[in-house]
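> This is the structure I have questions about; it appears just below.
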Amino acid sequence: MRTLWIVAVCLIGVEGNLFQFGDMILQKTGKEAVHSYAIYGCYCGWGGQGRAQDATDRCCFAQDCCYGRVNDCNPKTATYTYSFENGDIVCGDNDLCLRAVCECDRAAAICLGENVNTYDKNYEYYSISHCTEESEQC
């Protein structure tokens, strides 16, 4: 079981700060990030390719696009400050790079929350080998 946890942490932790983004996801969806989004569709989790499979997967695609726009800020490892105020995620960094990464994660968490009803268990642990359609443009 511990090995599975470590593998899941490595997979979802590839983009953004795992614990920070996971906390945002939990607040907005009520779902644990590692169990629900670490390997989902073509974009949630490790990398991404092909066409997003549903609205939930499109949230992760949009986050990948957002990270692409702030790549100089090291979005995969950035540690930023944020808080929850009246149910809202508030990014608090004065550092523009860290704030930009936080805003990418914030937008993705909000999107996942707004689309939690589209979550399809058929896309859990979805093989990237199925993600062969041409990708949309960011």
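The backbone N, Cα and C atoms fix where each Cβ goes, and this holds for glycine too.
According to Swiss-Prot, the protein has these features:
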| type | residues | note |
| --- | --- | --- |
| DISULFID | Cys42-Cys131 | disulfide bond |
| DISULFID | Cys44-Cys60 | disulfide bond |
| DISULFID | Cys59-Cys111 | disulfide bond |
| DISULFID | Cys65-Cys138 | disulfide bond |
| DISULFID | Cys66-Cys104 | disulfide bond |
| DISULFID | Cys73-Cys97 | disulfide bond |
| DISULFID | Cys91-Cys102 | disulfide bond |
| SIGNAL | 1-16 | signal peptide |
> When the Cα of Cys42 (disulfide bond) is compared with the Cα of each of the disulfide-bonded residues Cys59, Cys65, Cys73, Cys111, which one is closest?
Cys59
> Counting only residues 6+ away in sequence within the same chain, which have a CB under 8 Å from the CB of Cys44 (disulfide bond)?
Tyr37, Ala38, Thr56, Asp57, Cys59, Cys60
> If one looks at the chain holding Cys111 (disulfide bond), which residues at least 6 apart in sequence have a CB under 8 angstroms from its CB?
Arg58, Cys59, Ala62, Gln63
> Counting distance between Cα atoms, which of the disulfide-bonded residues Cys65, Cys73, Cys97, Cys131, Cys138 is nearest Cys91 (disulfide bond)?
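Its closest listed neighbour, by Cα, is Cys97.
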> Going by Cα-Cα distance, which of the disulfide-bonded residues (Cys73, Cys102, Cys131, Cys138) sits nearest to Cys66 (disulfide bond)?
Cys138
> Among the disulfide-bonded residues Cys73, Cys97, Cys102, Cys104, Cys131, whose Cα is within 10 A of the Cα of Cys138 (disulfide bond)?
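The disulfide-bonded residues close to Cys138 (disulfide bond) (Cα within 10 Å) - there are none.
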> Tell me, in order along the sequence, which disulfide-bonded residues from Cys65, Cys73, Cys97, Cys131 have their CA within 10 Å of Cys104 (disulfide bond).
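Those near Cys104 (disulfide bond) - Cα within 10 Å - are Cys65, in sequence order.
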> Of the disulfide-bonded residues Cys65, Cys73, Cys131, which sits closest to Cys102 (disulfide bond) by Cα distance?
Cys73
> These are the disulfide-bonded residues: Cys73, Cys97. Which one scores highest on other Cβ atoms within 10 Å?
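Result of the Cβ crowding comparison: Cys73.
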> Counting other Cβ atoms within 10 Å of each Cβ, which of the disulfide-bonded residues Cys60, Cys102 scores lowest?
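Among the disulfide-bonded residues Cys60, Cys102, the lowest count of other Cβ atoms within 10 Å belongs to Cys60.
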